Amino acid sequence: MLICKRSLILFLLGVFGADADEVKSVSVMEGDSVTLHTDVTDIQRDDQILWMFGPRDTRIAEIRNQKPNTYDETARYKGKLKLNNETGSLTITNISIRNSGLYKVEIINSKETSGRKFNVTVYDEVKSVMEGDSVTLHTDLTHIQTQDQILWMFGPRDTRIAEIRNQKPNTYDETARYGSKLKLNNETGSLTITNISIRNSGLYKVEIINSKETSGRKFNVTVYDASADNRSHVCAVTVAAAVVVLVVFIGIVVAVKQSRQRSHEEGISINHLNNDMRANRDEVSVPLAAANGVQHPPCIG
Ligand SMILES: *[C@@H]1O[C@H](CO)[C@@H](O)[C@H](O)[C@H]1NC(C)=O
Ligand SMILES: *[C@@H]1O[C@H](CO)[C@@H](O)[C@H](O)[C@H]1NC(C)=O
Ligand SMILES: *[C@@H]1O[C@H](CO)[C@@H](O)[C@H](O)[C@H]1NC(C)=O
Ligand SMILES: *[C@@H]1O[C@H](CO)[C@@H](O)[C@H](O)[C@H]1NC(C)=O
Ligand SMILES: *[C@@H]1O[C@H](CO)[C@@H](O)[C@H](O)[C@H]1NC(C)=O
Ligand SMILES: *[C@@H]1O[C@H](CO)[C@@H](O)[C@H](O)[C@H]1NC(C)=O
């Protein structure tokens, strides 16, 4: 399996939406930091900023009378909140799954109240897999208990793709998307997708249900087209070849000019000119070979 660090960075930039009333989606990997922006550049004296979280609009941070305050003494936020006293933007550091949810900010001044909403999703894991490879999504259970129920889901509609119920493992991979690609480990509940294809990219969720509680994990799986890397390799070589062709062309132009001058001055024949061209081509064929040897930088393994 190939993991590209680059894709993790791209993933962390996953902030969409612009409208004031719209809920902005923010995707963050567990352990990373995320900043939710108010878009206020300079807080005015009478501005009040109020940050809220969750279904009960629990107050988690505010700026009132120019005094910033965070209410992060709870287990959920312990020391994780940083409030920018100039912009009112809120940073959540070392984010965890339980920080997932709906964040709201209200900016209140004497004239008006404006606001923004952020839907923050924290992923346990981001996996980048090359097409044709296998990937295993782990439940982190070492041993399934008799009463444990494991449910694997895929995509925006949480389509059930595999489950362990009453100790019976089952995969629902008769669809074209999964045609016998799924392997469910009956000891740990972990799911392996073999010979993965682009259409297996997406959000995977697992729910672990027992008599006491329900826990879960989320995985953002991105499958890379194996030929895409080859294509950029080919592209690099093509550019290198184009440069070489240009050098040859300039060489010819120079040669033609020089030969013309010489043929004017000394009356040299066209045959000599052709030899000049060949000589030029031989000279530049060395960088062409070198360019072909240039390897496309590999992904971090
Ligand atoms: C999964 O990660 C990719 C980039 O790696 C990103 O473009 C995509 O939006 C993410 N999916 C979700 C559901 O967050
Ligand atoms: C804002 O915070 C900085 C340090 O982070 C501090 O120097 C400054 O006095 C603060 N301003 C206000 C208005 O609290
Ligand atoms: C981040 O949080 C986890 C618990 O959620 C904790 O174990 C870890 O030490 C924290 N890391 C840092 C750098 O604070
Ligand atoms: C937030 O995003 C998650 C996953 O993308 C989605 O399931 C949930 O419905 C969204 N919540 C809101 C309030 O938009
Ligand atoms: C788990 O699978 C192994 C073979 O992969 C089988 O021998 C064993 O009986 C299975 N256990 C259960 C509880 O289904
Ligand atoms: C992997 O899947 C592709 C189609 O997605 C198929 O052509 C190929 O035969 C499969 N390879 C294996 C080893 O199953």
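Including glycine, each Cβ sits where the backbone N, Cα and C put it.
In TrEMBL this protein carries:
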| type | residues | note |
| --- | --- | --- |
| SIGNAL | 1-20 | signal peptide |
| DOMAIN | 23-123 | domain 'Immunoglobulin' |
| DOMAIN | 124-224 | domain 'Immunoglobulin' |
| TRANSMEM | 236-256 | transmembrane segment |
Helix, strand and coil counts within the domain 'Immunoglobulin' (23-123) (DSSP): 3 helix, 52 strand, 46 coil
For the domain 'Immunoglobulin' (23-123), mean pLDDT (0 to 100): 89
